[in-house]
Amino acid sequence: YGILVMAIIAVFLAGLMVGRTPEYLGKKLGRREVTFAALAMLTMPVLVLVGTGLALALPSVTGGAFGNSGAHGLSEVLYAYTSASNNNGSAFGGLTVTSDFYQSTLGAAMLLGRFVPILATLGLAGALVRQKKIPVTAGTLPTTGPLFASMLGGTVVLVAALTFVPALALGPIAEALA
């Protein structure tokens, strides 16, 4: 369901660029649909960045869990929250995640990372089902050609870059360049 959410965001962005109300599969995309799509799309990045920020801002609560300092320490925490938010739950060996802080925040990230996007996608589906189908017009973005495929690919890359490049620049990229 992740690509469906990205497709809706891509169609919404295309609608913004041409100044028309976006339509996807014969349904108009309004505030409600885009809100559900944005919630599903932003849940994982918010959990990763907020969890990492809390872990780094509260060193007294983490209980000396860092085996490494600097860029590698940031990479360890960033990976732990990325893995938990994507329902994997692994961590680097240098990070001790047995403290109450890490157990509770990583568990919450795993729980929210699994169920919030599912519920948002179900809400999106419900909002689309209630709408009547509208006829295709000249302003409708066709979803079967290279234009839509490139728009979708560009949206995925843009969202990922805007979300994670700053954190990656401080962690893994800085470590690789050091």
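Glycine residues also receive a Cβ, built from the backbone N, Cα and C atoms like all the rest.
Bear in mind that TrEMBL entries carry predicted annotations, made automatically and left uncurated.
Within the same chain, residues 28-30, 33-34, 37-38, 41, 124, 139, 141, 143, 148, 151-152, 154-156, 159 sit at least 6 positions outside the transmembrane segment (6-22) and bring their C-beta atoms closer than 8 Å to a C-beta of that stretch. Marked as transmembrane segment by TrEMBL: 6-22 (among others).
Among the features that TrEMBL reports, transmembrane segment is placed at 34-58 (among others).
A Cβ distance under 8 Å defines the sequence-distant neighbours of the transmembrane segment (106-129), meaning residues of its chain 6+ beyond its ends; these are 1-2, 4-5, 8, 25, 27, 32-33, 36-37, 39-40, 43-44, 47-48, 51, 80-81, 84-87, 89, 97. The transmembrane segment feature in TrEMBL is assigned to 106-129 (among others).
Feature annotation from TrEMBL assigns transmembrane segment to 150-174 (among others).
Here the transmembrane segment (150-174) has Cβ contacts under 8 Å with residues 3, 6-7, 9-11, 13-14, 41, 45, 48-49, 52, 71-72, 74-75, 78, 141 of the same chain, all six or more residues outside its ends.
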